[in-house]
Amino acid sequence: MDSPPLYLPLLLLTCLLTLWQGAGAQSLFTIDSVTLKLDPSGEVTSGTLMNLNCEVSVSHDQSNPMTHSFNFLRDDVLVYSKNTTESAALHQLNPARAANSGTYKCQVIVQDKSKGSRTHRLTVTGLQTPVLQVTSQILFEGDEVAATCSAPDESGSLLFHFYQDQEKIKQVRAIGNSVGTRLELKHAGDKHLRCYFEITMLPDAGRSNNSNTVKVMVKELFITPVMNILPGKNVIEGDIVEFVCRVVNPPSNVTVFLNKDKRVLKTASISLSHSLRVLAEDSGEYVCKVERGNVQKEAYESIKVKELFSKPVLVMKPREVFETERFTLNCDTDRYSHERINIGDVKYSLYRNQVLLTSGGNYSATAHPSLNGNYSCQAQAQGRGQTKKIFKNSTQIVLKAKVPVSVPLLSVVGGRLILGKPFQLQCQSDNGSLPITYTLLSPHRQAEFRVVRRPWDLALFNITSIHRSSDIHSFSCKAENNPSQPYMESSGDHLRRTATIIEPVSRPVLTLTPKMGDVAEGEDLTLTCTVQRGTPPITYTWYHTKSALPLLSKTTNDMRLSHSFQGVSREHGGGYYCVTNNPSNDSQRSAMVTVGVKLAGWKKGLIAAFCILLTVSLIIIILVKKCLLPFRRERTVELSVKPASTKTDETLRLTHGEVNEAANVTPGVMGRSVWSDHVSGSESDDQTSEETTEVPEPQYTEVHPQEVGPTRAPVKKGTDTVYSEVRNSNQGKTDILFNVH
């Protein structure tokens, strides 16, 4: 394998040296300090030369100087910037003005690092005196002059004020340091103009001094309007009148107007003439106005126009007419000019809906809907010496023949009424022109009136109540809208046909079947609810006092309804009542009835049989016990008192003391009773049998007799209880009987 060329290691070494030098080209530096100095400092007067010097100190590892970016800020807004390798930068305010007032700071940027100086406050007092200039110093009154107010050395947004003598006439805001405007000078004479300004953003800076004063001469504008009226100021309708309006020695740019009642009749330059065939309404004041720029001057003249004939008047009789009635129209004038016409020279025409109805001043017809419309009259006449006729129209009359009122209908509001409750009656006619007067009539009350004047009004009458259905037939009403015609009265047929009369239900009566109110278990129970009066349908509802919920609710047309229970039980006992209601919504409740449920017959028989059986059983038990008593007594060991004999160990001996002790013991204390201890006859027999086997034949022992009554007492002997009975015989002997168990 061939060895690499010798230039490759040299190339690699060159690259490494280049990278090391590139890394070393990145300088190391730090900004030590930034200092801002104001000369002079603090507060200065306007026009002073102001130096702002910013110095920076930077430590770095390079031999070449570094570039510094100096930024001068006023109130944090950049006002001047400079890039230099020098360590200081100067910003001059030459001269300083009030707009330069503020807080200054110097910010220095070196590559990617930045540092700012301490802030300094600069206050510039005083404003520059403005200069006022005008384009012309000689004007006519009403002319405008162009004026310019400027403060060349000031900066910022300025507000300029313009004065004429001591009167402020205008105020203008400007972005720059000067403003031009036009000033109107209204009155003649010498005028003195001046101006001053304020800095909008620095209200504390105050206002500037007044500018120079400019004198302007305002000359009076001699324009005098003159108005002539031909042939004169007093004329008659139909005459032609000419109005002439002009200016004496007019200057240039003059305009003339002819006005009446703020309406411009004609306009022209310098002079005008206006002709008019006058009518009575043309009477009044006319104005001749001359205008140049903003200057106006006026002349006034009035004319009076006499009527050739008065405005015609159209009269209809009667003023209100009903259909089928006759009416007349008459047209006439009450004044005319005797100088120009005679009364017969006036001609009349009648119009309906602007269509000629008849030539003449009179018209008569029978009112009918086809003749309804707007009627008017036109009068015309031509005066002597006049070339044209004068036409005048009357005021229109609207003819709408009234409709006679039709027969009214009386009805119940809502269609139904409830006896005993308030309700309303309405009287209404289907046809008839308003207003209509309705009257409610009834033999039992005073007549009531209602006047219906608007289509949406109703003739309603409030009725307190009626208590019988037949009372509704006593009401009637009448309607009238024409005093010259008879009124129309309603009949009771419509009210009887349309009114639904509801009678509230009477108090219901609840009855039971069976009637006694007591029923045996398993039997049927029927609850019947009955009402005497009430308009059907009637709703019947039954309740049991043991529950708040109804047992049953049913609606029917019947006056009574029943509810039955099949096979009642003890739970059906208690109180019952029913509630009735009908469309009157007036519920009625019955009195409460009480139902008692007895035991069923078979249960009574079963109880009786059980009682009889129990009684018979007790009797049998008693009889059986009585029958067994003699049998038991036969087994009792009979003791007799005999002479003393030899005793064995098994013989039962009783001494005289033992007998006495046994005789004195209370029965039932020392042992068990025969009746209580024997559980059954068989057991007793078995025990007796066993005892008979085991007990030896009884031995008799002599006992000394004592005077004691018959006593039966138990004597405990081992595990047996010996019942003893002591008897006294007639022979003076005492017999003691023992019954051993």
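Using the three backbone atoms N, Cα and C, a Cβ is placed for every residue, glycine included.
Bear in mind that TrEMBL entries carry predicted annotations, made automatically and left uncurated.
Over in TrEMBL, the protein carries these features:
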| type | residues | note |
| --- | --- | --- |
| SIGNAL | 1-25 | signal peptide |
| DOMAIN | 32-125 | domain 'Ig-like' |
| DOMAIN | 225-304 | domain 'Ig-like' |
| DOMAIN | 508-594 | domain 'Ig-like' |
| TRANSMEM | 605-624 | transmembrane segment |
| REGION | 673-722 | region 'Disordered' |
| COMPBIAS | 683-694 | compositional bias 'Acidic residues' |
Mind checking which residues reach the transmembrane segment (605-624)? Cβ under 8 Å, same chain, six or more beyond either end.
none
Per DSSP, what is the residue count of the domain 'Ig-like' (32-125) in each of helix, strand and coil?
3 helix, 62 strand, 29 coil
Here the mean pLDDT of the domain 'Ig-like' (225-304) is 90
